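Annotated domain 'Major facilitator superfamily (MFS) profile' per TrEMBL: 61-476, in sequence order. As annotated by TrEMBL, transmembrane segment applies to 94-116, 128-152, 158-176, 188-212, 224-244, 299-319, 331-351, 363-383, 389-409, 421-441, 453-471.
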Amino acid sequence: MYHASSAIETRTTGEISPLLPHHSAEEAFVLQDSDDTRASFGDAELREKLERNLLRKLDTKLSILILIYVLNYIDRNNVAAARLRGFEEDLHLNGSQFATVLSILYIGYIILQIPSNMALNYIGRPSLYLPGCMAIWGIMSCLTGAATTYFGVLCTRFFLGFVEAAFFPGALFLISKWYKRNELSQRTAYLSSGSLIASATGSLIASGILGLMDNNLGVATWRWLFFIEGGLTVFVALCAAFILPDFPETSSGWLSPAERTLAMQRMQEENHHSSTSGDHNQLKTQLDGLRSAVSDPKVWWLAATLASLTFSLSWNAYFPSIMATIGYSPTVTLLLCAPPWFVATAIAITVSRHSDYAGERCWHITFSMVIGIIGFTLARSTMNATIRYISLFFIAQSYTGHICFLAWASGTVSQTPAKRAVALALMNSVSSVGNVFGSYIWPTKWGPEYNHSFLICTFANALSIAMCWAFRKHLANLNKAAAKKEALDNGVEGYRYIL
């Protein structure tokens, strides 16, 4: 694998690097270390210009991750829409079997996420790895539409989750390899907004497909939902292979030499405590990353907090069913699902951008989760159609807290790439346990009020808030200890955790 440390030559004399001998003045710009006080204003100005160009190109390239996540979420949750048009009846599901169909997907997530991210870091080619997994899960989604028995749909859903598991932790790892900590929250928000957009547009798309493909060619309407959406996923996967970038140290062609060097220099400055020795024993590097992540108490606390957060969001898989309690037809119900998600998307992006600007995470997470608790309380208080519909807007925006937390977690464990890859996958794997158990807290017998379900989500939300504040206190203590040590040693200010 190509190593950043071998491609970056830090200079303090202002000389042109021999690594860039045949390029323009901009491309021959010498990337100075962030601590170099001798950098001229001209160099700083040129770096700022290069950085703007780099971020613009990056944002354009990586924007396809949002579309991929939209399709990832649609393929994962389209059973909720299919349920309204005969899915359970045709497959003869009863009791808690539908909940098992939902939860089995996350077993695959738990199994594969850590090995997948370790493999992604080892291979270094997300432009091939992620689209390849995407094409396979699109095929599995199509096969779900062909299932005729409970066992058959369990198998397709398990393998769907098994392959889908590669995407989200892999995407988080990919953006963490390109963006600095103060840029992560809004980029994580843009990526995670894919799930919100999917929840909004997925219901609209499902409404259209279920309306237009009503038993066409003798095929049940709900089956067309899986065939069409799975086929679209395969098509986008083929396109993504030509668009997605690789890591900074393995990318070529779409960046100028200076931009590529700047991309690596930015991350070296961001992670100056990590090793840059260029260890070429990749197997040893991956195993060291695994050991480092598993032995870090912060990673496990973040994982447990994310599991609680995910459990509190279990209503998402049942959103159309909850919306149906208002009393409209299946088509109108799916259309009504869209507005809360569009509002939630706008709130998530706005709050996440402010979180980056303010350099703060915990208060932003708390704000969103408290609004979610208000939504759960409103939903429990009455079956009035208007109030219940308004409550779903409050509940949907609680995804903002989840998104800010992902950025917080990603920035907190952002050290060596091997550790970061495992840590992000570990957190997402543990959080999938919340999805597994959350699938069972919305039984039909608790409907249409679902008071017990909303109460459980309220407690999970409150627990998540408490865990976030405990973690914030721990990070504040680590920052104080680091500052005290630097003062005693007369050292320069080093790494500080974002609170």
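The backbone N, Cα and C atoms fix where each Cβ goes, and this holds for glycine too.
Unlike curated entries, TrEMBL annotations are predicted automatically.
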Looking at 128-152, 363-383, 389-409, 421-441, which one has the highest count of Cβ pairs under 8 angstroms to the transmembrane segment (299-319)?
421-441
Within the same chain, where does the transmembrane segment (421-441) have neighbours whose Cβ lies under 8 angstroms from its own Cβ atoms, ignoring anything closer than 6 residues to its ends? I mean 6 or more beyond.
96, 99-100, 102-103, 105-107, 109-110, 113-114, 116-118, 120-121, 168-169, 172-173, 176, 289-290, 292-294, 296, 299-300, 302-304, 306-314, 317, 409-410, 413, 452-453, 456-457, 460
For the transmembrane segment (94-116), out of 158-176, 188-212, 224-244, 331-351, 363-383, most C-beta pairs under 8 A are with 158-176
Residues of the same chain, at least six outside the transmembrane segment (389-409), with any C-beta under 8 angstroms of its C-beta?
172, 184-185, 187-189, 192-193, 195-196, 199, 302, 305-306, 309-310, 312-313, 315, 319, 322-323, 326, 336, 339-341, 343-344, 347-348, 351-352, 355-356, 361-362, 364-369, 371-372, 374-376, 378-379, 424, 427, 461, 464, 468, 498
Would you kindly list the residues that approach the transmembrane segment (331-351) from elsewhere in its chain, counting only those six or more residues past its ends and only Cβ-Cβ distances under 8 Å?
81, 84, 186, 189-190, 192-193, 196-197, 199-201, 203-204, 206-207, 210-211, 319-320, 323-324, 364, 367-368, 389, 392-393, 395-397, 399-400, 403-404
May I ask for the residues of the chain that lie six or more residues beyond the transmembrane segment (363-383) and have a Cβ under 8 Å from a Cβ within it?
312, 322, 325, 347, 351-352, 354-355, 390-402, 404-405, 408, 448-451, 454-455, 457-458, 461-462, 464-465, 468-469
